[in-house]
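J.: The active site annotation in Swiss-Prot covers HIS224, LYS226, ASP231, HIS404, LYS406, ASP411, and the record cites sequence analysis as its basis. The domain 'PLD phosphodiesterase 1' annotation in Swiss-Prot covers 219-246. The domain 'PLD phosphodiesterase 2' feature in Swiss-Prot is assigned to 399-426. Summarising the annotation, Swiss-Prot assigns transmembrane segment to 3-23, 38-58 and lists sequence analysis as the type of evidence.
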Amino acid sequence: MSTFYTVISWLAIFGYWLLIASVTLRILMKRRAVPSAMAWLLIIYILPLVGIIAYLSFGELHLGKRRAERARTMWPSTARWLADLRSCRSIFATHNSEVAAPLFQLCERRQGIAGVKGNQLQLLTSTDDTLNALIRDIELAHTSIEMMFYIWQPGGLADRVAEAMMAAARRGIRCRLMLDSAGSVAFFRSPYPAMMREAGIEVVEALQVNLLRVFLRRMDLRQHRKVVLIDNFIAYTGSMNLVDPRYFKQDAGVGQWIDVMARMEGPVATTMGIYYAFDWEMETGKRILPPEPICNILPFEKESGHTIQVIASGPGFPEELIHQSLLTAVYSARQQLVMTTPYFVPSDDLLHAICTAAQRGVDVSIIVPKKNDSMMVGWASRAFFTEMLAAGVKIYQFEGGLLHTKSVLVDGQLSLVGTVNLDMRSLWLNFEITLVIDDDGFGSDLACVQEDYIARSSLLDPLEWLKRPLWQRVVERLFYFFSPLL
């Protein structure tokens, strides 16, 4: 009997180390950043079973077999649609400013579609203004309303949006709504899904959280886009979720969330529509490509207006494009670079680009919230401050609430606005969308918004920063080590 238990013990030990060795080899064979690989290996060696389960659940980009198969079958029809759209030469920009040209060229070559011109663009900086404008557009819709958000939180003006959308569906407008399962959990537990479906709205719960399928698809892969499309002509996107900040996360201790949204009219709505259709088919299997363009009757064939490129990122989209785009924008800066983000955990390449910009004489400012709703990200962000301050980067800590705006402004001309945070999750994992605008008028509007943020912020003093307590430095470095996983 003792021999039997001895054999079992040795087999268990052998299996234990074989499992660790197998996962280690799997991590090493994957083409991933060295800091990320090292962080995962450390977790596995310190807490083997917990680390292995965590890695198999969250360490690799599993889209899921069903969605991956749909992504493969969707591309031919999408490619044909893009080819048809490219035949409408009058809507595409052929020239860009010097600072914007490299980024527009990158996006066109990687996505297969150029930036579109002739768009009317409005920057909305107030939640009330955004939601009231959205309600008006819904009430005036003629044919279709399509929405996608990470979070829809019932309460306040968000309820008025829901009521307007249900009224539109009842009068015959085709309405679709896609919300992330994890982000909009409060919505899906409310009466609204049933009420909306009864009114005729197609409601889809994207990337459903199912613990039984945890090893088949990453549960932390989220649909983070915020998109509204109306009549294939009006479009919204930006950092704002479908929430009224007076009712949202009031107990988080960070104040009201501060966001911006862009409202657009023109051909950019058509290009955004193809990405909405991609996400819808990925989730439901139903093909809803926008109407094929008929060039001679497009209502927005005109030379005036803003030139906009749309970047869609996430599984199934051009790999690393948003990361490449940010690097291209930073390296294009010659005079000034201003970036706002709620979560700052950059890649080594992006951090190096930002510091290099400051060291070559560019006026570089980063605006982040002083109080963050994510303790881990807040501490990890601080770990990058010393290097940036030493390089000459100005770091502003916003004190007027949780600054949730994601924006980049280069030389007052090139603007990036959308859903992408400057952290690993947005850069490498989640479904995101970003607008690239080549226009000094819009750049001036964005600069005014950023200057208002700076006026409500405190500038971090490099000398005072070096005097912070030792325990804070230790905590920062601890979270910095795990920053590739945040």
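Cβ from N, Cα, C; glycine included.
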J.: Using C-alpha atoms only, work out the spacing between HIS404 (active site) and LYS226 (active site) and round it to an integer in Å.
T.: 13
J.: Using DSSP and three states only, what is ASP411 (active site)?
T.: coil
J.: Given a Cβ distance threshold of under 8 angstroms, which distant residues of the chain, six or more beyond its ends, lie next to the domain 'PLD phosphodiesterase 2' (399-426)?
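T.: Counting only partners 6 or more residues beyond its ends, the domain 'PLD phosphodiesterase 2' (399-426) has Cβ contacts under 8 Å with 36, 97, 99-100, 103, 123, 150, 220, 222, 224-226, 237-240, 245, 252, 254-260, 262, 311, 313, 322, 325-326, 329-330, 332-347, 350, 367-373, 377, 432-440, 442-444, 446-447, 449-450, 453, 456-458, 483-486.
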J.: Given the active-site residues ASP231, ASP411, which one is most crowded in terms of C-beta atoms within 10 angstroms?
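T.: The residue with the densest Cβ neighbourhood is ASP411.
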J.: Kindly report the helix/strand/coil residue split of the domain 'PLD phosphodiesterase 1' (219-246) according to DSSP, in that order.
T.: 0 helix, 11 strand, 17 coil
J.: Can you check what DSSP calls HIS404 (active site), collapsed to helix, strand or coil?
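T.: Reduced to three states, the DSSP call for HIS404 (active site) is coil.
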J.: Here's one to test understanding: among the active-site residues ASP231, LYS406, ASP411, whose C-alpha is closest in space to the C-alpha of HIS224 (active site)?
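T.: So, of the listed active-site residues, the one sitting closest to HIS224 (active site) is LYS406.
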